[in-house]
């Protein structure tokens, strides 16, 4: 009996490893289905697999596989809900949020929203508005735009550099977003488009906001090279986070 049990234990170890690998693949397939707007359930595929079973223990094997199919579909259903979360990019002015957001949204087939561009469309130049109406009024409107965009699902949102200066913005985002801090060295920040009020002292501004960016964000992505590298890191981080959550059963 001991020898039998030892053999079963070895077989079970292999089965468990293969089940983990299979469920990992189910999560990756689920992400692909979401991006490409495919249905979760594929009964034709399930039937094809069932027909391939050997005659030995066929009914027993089919019952086990039907349970695997059911669990895989349940995981993908929860994954679809999680993937509805927006991907939000925060960081210093000129760190590349808009560029990365546009590339990322195309790769993941998500809608793209830019709070700075939306402000300009509605009110014109932020610099002129701040001079005319004051910074506090600008932040009020910025939060309103953020609140509007955060009600969307399955989007990529690029935010203004100062979005972290109001804690209420974190409350707006946290329930329906995964937030990435785009970290670019201060001397590499692109100065075009940065508000003149900040150009003179980017280092001091960075020091003021650094902890806020980290507090707001779920992950930090370095962006000191070409945009494609940072986008690749974003997608890798997002997919790894999904896998970790799925394996832990919290997805």
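Every residue, even glycine, has its Cβ placed from backbone N, Cα and C.
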Checklist entry - Pick from 116, 185, 187: which one does TrEMBL list with 139, 161, 209 for the same substrate site? => result 116
Checklist entry - How many whole Å apart are the CA atoms of residue 97 (ATP binding site) and residue 209 (substrate binding site)? => result 16
Next on the checklist: Which binding-site residues are spatial neighbours of residue 98 (ATP binding site) here, meaning Cα within 10 Å, out of 116, 139, 161, 209?
Outcome noted: 116
Checklist entry - What other residues of this chain sit with their CB within 8 A of the center of the CB atoms of 94, 95, 96, 97, 98, 99, the recorded ATP site? => result 89, 91, 100, 101, 158, 182, 184, 190, 223
Checklist entry - Which residue counts does DSSP yield for the domain 'Chorismate mutase' (1-80) in the helix, strand and coil classes, in that order? => result 66 helix, 0 strand, 14 coil
